[in-house]
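Record features, source TrEMBL:
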type: DOMAIN; residues: 53-466; note: domain 'Major facilitator superfamily (MFS) profile'
type: TRANSMEM; residues: 94-113; note: transmembrane segment
type: TRANSMEM; residues: 120-141; note: transmembrane segment
type: TRANSMEM; residues: 147-170; note: transmembrane segment
type: TRANSMEM; residues: 191-216; note: transmembrane segment
type: TRANSMEM; residues: 222-241; note: transmembrane segment
type: TRANSMEM; residues: 269-288; note: transmembrane segment
type: TRANSMEM; residues: 308-327; note: transmembrane segment
type: TRANSMEM; residues: 347-366; note: transmembrane segment
type: TRANSMEM; residues: 372-393; note: transmembrane segment
type: TRANSMEM; residues: 405-427; note: transmembrane segment
type: TRANSMEM; residues: 442-462; note: transmembrane segment
Amino acid sequence: MNSEEKCGLEDCIPTHFNENQIKEDLKVQMVDESKKIPSGQEVKLTTSAINANRLGTALGFLSNGYQYEVTGVLNLLFQLEYGSQYSLFLESSLTSALLFGVLIGQLFFGMVADIQGRKAGLVITSSFVVLGAILATASYGTSVNGLFWMMIIGRGVTGFGMGGEYTCAVTNAMEDSEQISVVHRGKRTGLLVLCVEVLGNTTPLVIQLILVAALHRRNSELIWRLSYGIGIIPCLVVLFYRLRMRDSAIYSESKASSSYRNQWKDMLIVWRGYWPCILGSAITWFIRDFETFSIGSFGASILHEIEGASLFTATWISLLTAALMVLEPLASSFLIDTLGRRNVQLIGWLSLASVIAITGGTYPLLFHHAAVYVFLSIVRAALQYFLAVSIYLTPNEIFPTMYRARLYGLCSAFGKAGAAIGVHVFLSMQQSFGGGTKGLRGIQYFDAAFAVLGFFVALLLVPELKKTSLHKCDVNFMEMCEEARSDSKGGSKVSAIVKECMAYKLFKKIQVGETFPESI
């Protein structure tokens, strides 16, 4: 497939599978050692293998999107059904259990994906998601507390499996996109990952809207059990397709190289050479997820508080919001290769800070005007997903292949730490800012300031990578390792990627005659 070939939304969905081709997924041919591939081997995935990877990745993130959104409306259902028995602690614990599970899963499966392979990590990932979904659906207890604690455990197990989607599936999709088209790598990955995940956010809301309309809260237990139970179906389908997926070509090359055996020894070189980019990716992801999940997880409850919206009204408004959010990651995916990763982030952070500040300033006017609040919430949520495309992609393009999944897992784990912290402290922050709508207004001002911080971090520490080849990054890392081994001090060179950061360029201009602090 020509490297300059453009890829669009239709590339994300395979049309057929060829069984004979799947049996020969990896074709390895020897090339001249002078070429840039470190291992001396060039590995190509067949079209059928890439198609299997596409479908497995897309279905995985469709399932992820479902699991993220399924509890939002259920929080309001539990409040109405159990009253004071469903305490603030249980509410925040149920919401954050998934996020803490994702955080741990990102770190764990990052190691698995780099050491055992992307496919191995993906199969284990799907198995945990299925197990967690079953536990949540079958939740039972002799008391309300017992019931919810089993549910919390099930959601945590689900989250642990979901964490592997980021470190295994996103990494594999990015590396497959490298083989198809370096120029359009960002668009293909954005369409395959973020757009599908946001589309998955709408699925549980459609199901819950039908359930609430049909049952009218007469059987709340049936509503939440079906909400969790239906989510098992896509998980099982994903597990089936995961068995047909293959490790990416560039990962197979890296694993076959002699450098793969020295990966633990070279870890210090990675930290010294890439630490500014690790810091920038981790902080921007932390801020974005803190703001997205904190207020997003309690959206239905906020609507009920502002307008007194019923369970049905809150559900369809949440569905409308989720459906319209698909447009922003779609737009961002088509702009990411033209404007560049850093520019997309800068536009997103400034726009997000402005919208949140406007919402905070007009909050008293939004009371009993749910339509205006819904509009501003949609704009805010859309901008958060506009940002997410760049934030998801950048850490995947910075690091060398043999460390890509675990460092991507580290950066994304910072994001989920922000999400879990945001969810856990949201209700407390609301009370500390005065409670009720006054407290919600204070949170808006805090989030606006936090978004401004995200802008400056992206400006200084996010490099521009729209035309950078992943193979070129691997070659640069091999050169860094060779220099470090020949240097008695162990080497302190920064990577070529770091030199694209604004912070590096500013230091080089300001500190004339001095060297940039290239190691911690």
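For all residues, glycine too, the Cβ spot is worked out from N, Cα and C.
Where the annotation comes from TrEMBL, it is an automatic prediction and has not been curated.
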Range from 120-141, 147-170, 442-462 with most C-beta pairs under 8 A to the transmembrane segment (405-427): 147-170
Paired segments the transmembrane segment (191-216) and the transmembrane segment (442-462) in contact, 3+ CB pairs under 8 A: no
For the domain 'Major facilitator superfamily (MFS) profile' (53-466), the mean pLDDT of the predicted model: 85
